[in-house]
Ligand SMILES: C[S@@+](CC[C@H](N)C(=O)[O-])C[C@H]1O[C@@H](n2cnc3c(N)ncnc32)[C@H](O)[C@@H]1O
């Protein structure tokens, strides 16, 4: 692997979204407002934290820092960690900033970095380093010290582990520098295995579900494509600074682009943009469109007063003509580069349209397996003594992916979503797929209306008053919240409603595990106010929506077991 040259500032934070919200390319030009941050009154400095306060700052529960913290505890031992917390020594690093050292990798973290230890450390301490695997030794350079761990750049792998690493698999020239992918040096089987491990660890650490109540975690569902799959990318760039602006040289294309102007993604472990001319995990239509999108940004570079986040989304043509049909009979895909444009996708037999700037899953090729799996779990594995589900409630429904894809299996479907533009898209999608609205419009014949669908904007919790008349024993609730998961009022209402089946889809298995644990611990209320039963966790399976990265989508299926109101040991119930 090539040496990673680090040009970072000493205290670069770990990778994440750019600090300042970037403007979008098609936003109207805005005048730069200078100095709008209020200065502190007088010369007052923020009060210093006392030593006790300072070291109490454990990571927020279930945050990505907390996930790493639990993994560090596993390596260093809970007793050692608890003592260090009590004594206020968790930040006493044995290493200096920019210190180079040799480390031995002992585990993988849930975010795809390697967790290592070093014999040169004067106390038990973990070093987090990218692009390495267990069993390897590596030379690294520390750039950040935190709670019982340092974060480091990889300089070189000294002893590779050939049973896990195969560098010949790497397909991207930016791999090892770009923060987007973590796993290109691993076989696909290994990537799937690691993702399953993440799901197992998440439920072990964050759900509080006793092992006797946990179903075996299923193998990760693979993505049919492991490259060329990503249907959306958002390369970004910073606006030129004052000095750069004072000497414009009017570049026209990539060849005369000033070297300081980078359009791409964040360098691993930093918020510094690196120049990216191609992204092999993106779909062919996005890869083909990227040079022209870059050239346009380069030609206009001195007009930008703020950083910009570009968008490239793979889409079917909105109105298909013969010229749009490729030789195989499928419409030719196009690339939508306007944030205000519309995108169209097919998932199985259904079409979905949505605004380019709104949420839709970013790997189209695995969507049919995801939707089929959800349908199979709802119907095929339902206990034989429960009624066939007839009603579907899709919470956090976005543009209606689950509501519309599953509608053919239900009589009535209701969806809710906070984003007004997504919910408008969902209603349009219901029409696009010939699903009649609910309640049935006056005068429509009963014969041709056996499926009815409604979408409403609002907080997910509000849906339970809308569907209060749905027969709970014949209802399925799909939950697909953002990374932070559901809030307590939602869980309260969900359990109060008491649907027969709950399918929880999540891009953050840690908050999913936390929420599922909360649901399982509560009694499900009956109409008489007495407890009716409890949910049991029937299955959990990861889906690989993002090959070459550490991300894993997780689907958990919960069933209500009536009459069970004690404990959580459900071995006999499932
Ligand atoms: C992970 S996306 C899932 C969307 C959809 N199920 C899909 O697969 O395309 C989560 C969605 O929840 C929406 N959302 C966020 N907070 C919400 C809330 N409190 N109530 C309802 N929807 C919310 C977001 O706008 C986003 O569309």
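Placed from the backbone N, Cα and C atoms, the Cβ positions cover glycine too.
Source: prediction; values computed, not measured.
Features reported for this protein in TrEMBL:
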- 1-58: region 'Disordered' (REGION)
- 94-156: domain 'TRAM' (DOMAIN)
- 236-259: region 'Disordered' (REGION)
- 240-253: compositional bias 'Polar residues' (COMPBIAS)
- 361, 396, 417, 480: S-adenosyl-L-methionine binding site (BINDING)
- 507: active site (ACT_SITE)
- 507: active site, nucleophile (ACT_SITE)
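Structure coloured by features recorded in TrEMBL.
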residue	record	DSSP class
361	S-adenosyl-L-methionine binding site	coil
396	S-adenosyl-L-methionine binding site	coil
417	S-adenosyl-L-methionine binding site	strand
480	S-adenosyl-L-methionine binding site	coil
507	active site	coil
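Within 8 A of the CB centroid of the S-adenosyl-L-methionine site residues 361, 396, 417, 480, the other residues of that chain are 359, 394, 397, 398, 401, 402, 481, 505.
Taken together, the residues of the domain 'TRAM' (94-156) have an average pLDDT of 98. The recorded positions considered are 361, 507; of these, 507 has the fewest other C-beta atoms within 10 angstroms of its C-beta. Non-local neighbourhood of residue 396 (S-adenosyl-L-methionine binding site): 416, 417, 418, 460, 479, 480, 481, 482, each in the same chain, at least six residues away, with C-beta under 8 Å from its C-beta. A straight line from the CA of residue 361 (S-adenosyl-L-methionine binding site) to the CA of residue 507 (active site) spans 10 Å. The most densely surrounded of the binding-site residues 417, 480, judged by C-beta neighbours within 10 angstroms, is 417. Among 361, 396, 417, 480, the residues given in the record as binding S-adenosyl-L-methionine, the maximal Cα to Cα distance rounds to 15 Å. Per-class residue totals from DSSP over the domain 'TRAM' (94-156), listed helix then strand then coil: 0 helix, 35 strand, 28 coil.
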